[in-house]
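A short worksheet on the structure shown next.
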Amino acid sequence: MVLSPKQEEELRFAVADYLQSCGYTNALEAFKKDASIPKEIDNKKYSGLLEKKWTSVVRLQKKVMDLELRLNNTTREMNSGVPTRNSRSSNDWIPRPPEKHSLSGHRSPITCVVFHPVYNVMVSSSEDASMKIWDYESGDFERTLRGHTDSVQDLAFDSSGKLLASSSADMTVKIWDFQTFECRMTLRGHDHNVSSVCFLPSGDFLLSSSRDKTIKMWEVATGYCVYNFEGHREWVRRVAVASDGSLMASCSNDQTVRIWSLSSKECKEELRGHEHVVECIKWAPESCNRYINEASGTEVPKGQKSGPFLASGSRDRVIKIWDVTTAVCLFSLVGHDNWVRGLAFHAGGKYLTSASDDKTIKIWELRHKRCSKSLEAHNHFVTTIDFHRSSPFVITGSVDLTIKVWECR
């Protein structure tokens, strides 16, 4: 490698400074004479420069080694016959490294990412009190939505994608018109942080859960609170509605999951088994039923339907799969080294993906109850994950302030 005259001068003076700082007097004098260096050296300018250059080289070497490892793994996958997206069923597509896009723009940790149900855009929310809209295919930033005065905790679209709901630590829920990007209404009534929000399938009602230990049902047209669900003994972290709109699930700091009837408004079941705060829940689509039945050894008589099934993730590092009808935990998925923060089912039903504070996302093959792939996804806690219902993309968000788009194949 050929150094420029300026680089040569920097190197000579940096070596001289190093010899001087180490007390190598004889070597220093000889080096000064051979390298034509004046007797006096500007200590401030060159102090520690050689050590800094050396540590920079070490860091770059490590980065190169990491990149080489990722390249080798990708090459090995291709050469060992891992099917490409064109040659395998979409039911078998799973996210693979490296990420397609790494999106930056938020000034504080990412709290939620969600795909739009129709358009090729996604929305992210952050502790910086803002929401950002991105084109997940191109990676382009489109616009920022502002209105909350504290951390935005959760996001949800209605089935048409015309409305976006956001919940916040400012104790409010906002409903946004996703065509004009204006806040249509602000829902007030919770007494603490509103940690979760979701629409009922009809789009007529909205549910929100809060640190005030309650779940509220809101009429979307009027913004009125029409019912207040009580039963959890601590912070209600998440609320989720079954695809047919008949049942609601909620999870809490009280280490339980509750199943509620939305017609009678009664708590039907309390699911116990986790040993710490239950951070997240997700209803399994019907496409998962056959794989969950195989995994649990359940034989379903002809003409009968199984399920519904629910997944829960906890700070105890465990994911549990529940039969909601019997209130039984069918099996547990163990493998994360830290809190489980997010869950998303593959639309094809074979896989469940999870996000964790161990900085990874894991892809679980439900039939065999095993982790089939683990991705080092972020440089800090992975707080949220979403799996597109029809396109081959997964998105994740992290405390490292980035959102990543992963392509599936």
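Think of each number as a place in line: the chain as shown, counted from 1.
The backbone N, Cα and C atoms fix where each Cβ goes, and this holds for glycine too.
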Which of these ranges is annotated coiled coil in Swiss-Prot: 30-55, 56-81, 186-211, 264-289?
56-81
For the repeat 'WD 1' (105-146), which recorded stretch in the set 189-228, 273-332, 335-374, 377-409 gives the largest number of Cβ pairs separated by under 8 Å?
377-409
Near the repeat 'WD 6' (335-374) in space but 6 or more residues beyond its ends, with Cβ under 8 Å, are 89-96, 279-282, 284-292, 294-295, 311-315, 317-319, 321, 380-390, 394, 396, 398, 406
The repeat 'WD 5' (273-332) resolves under DSSP into 11 helix, 23 strand, 26 coil
How do the residues of the domain 'LisH' (7-39) split into helix, strand and coil according to DSSP?
27 helix, 0 strand, 6 coil
Using DSSP, what is the helix/strand/coil residue split across the repeat 'WD 7' (377-409)?
0 helix, 19 strand, 14 coil
Do you know the DSSP helix, strand and coil residue counts for the repeat 'WD 6' (335-374)?
0 helix, 23 strand, 17 coil
Going along the chain, which residues at least six beyond the ends of the repeat 'WD 7' (377-409) come within the CB cut-off of under 8 Å?
83-85, 88, 90, 93-97, 99-104, 106-115, 117, 120, 122, 124, 126, 134, 136-137, 139, 338-339, 341-347, 353-357, 359-361
